[in-house]
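Following: one structure in structure tokens, then a few remarks.
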């Protein structure tokens, strides 16, 4: 009997009250775990994100001989082994689709005295890693591709123009190299800033320009305690929901190191109002379109911006979002396709122009095993459209792939049920339980946030 994907009806919200404390950022979480492992001493990390990416990094570090206590309620203790204290793993390290684990680990393992094979799920094998590998090879590392040239999986035997993780990996492993590392042509500079700011481990860095960084060779002393700031990308979904009025969203201040913390300014241009030192947005009416923007520095929040623009009056065009093509899915194609299916007018090209959704009261959105897609396409329910997320099952080629979608912010369920007093708590609990159950073909239903239930309209979600 074929596996039946359930639907989860969410009731509309007329009043929303509560206080949100954001979970940690995915990129900062994994950078901090790796730096803690390579440090000398014990590092207590607080504010850690509970996600598939973080679990991939934690499992890999444990296989490499690092003792880690937790995580428990966003807190874990990492017993650092030093730059050369990692041990040969018992087998290949499977990292799923966690680019924030694959690239930094590739660099950190390049000068270890043992061979390591890094593998991932099918999507990982489509995400290029050749720039990092080329840079490491120039520094003397011996790395072999096991399948397609330039892509994982790879065996390590011992910059950042497409994805910031390329330079991130080099920045992290720089102390193990004999020379300073320089890289240019950055497309995601805010993510580079994250790495530079997550170095209270005693590593001096200099940001000469937006094109050149230099990191001096030195050891990593542990900072003892490392508190991670909240995830600005996760905040963007709540901030974009017109039905969530005056709900404080804390964990990210005005001086956040994350590029996506720019998102409230974009919303102000569209008619929202922010106040206070934390990210609090109080919509003062229907969102309206704003001027064009270069969204390359906020590739994740740009997805939320594009979806919100499709619900606004007029059109908006987030431009130069090149990094979308090499994320968890080809997000440029996915966003264009799904916005078009929802009734928006999509202009082909490197940019994306969203126009108000029209003419449909119900539509299906494919999340393509990408949690960011699932989060974004819950927003159209604010416009009176019931949305059903089919996960991967509608297309045979997708159904044959075994891959989890629930990767980034599972804490959103706790926010919806507890912090915001969600009237659809029962449905969300059922959905959260379903997320942990593997379907017949190994697929897991996509993570769907509370946003579809906001304001006057209900969203119906399902596998």
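Positions of Cβ are set from backbone N, Cα and C atoms, glycine also.
Residues annotated as 3-phosphoshikimate binding site in Swiss-Prot: 26, 27, 31, 163, 164, 165, 188, 300, 327. Under the heading phosphoenolpyruvate binding site, Swiss-Prot lists 26, 99, 127, 165, 331, 372, citing sequence analysis as support. Summarising the annotation, Swiss-Prot assigns active site, proton acceptor to 300.
Residue 127 (phosphoenolpyruvate binding site) and residue 26 (3-phosphoshikimate binding site) are 18 Å apart (CA-CA, integer value).
The residue listed as 'active site, proton acceptor' has its Cα within 10 Å of the Cα of none of the binding-site residues 31, 99, 127. Rounded to a whole number, the distance between the Cα atoms of residue 372 (phosphoenolpyruvate binding site) and residue 31 (3-phosphoshikimate binding site) is 20 Å.
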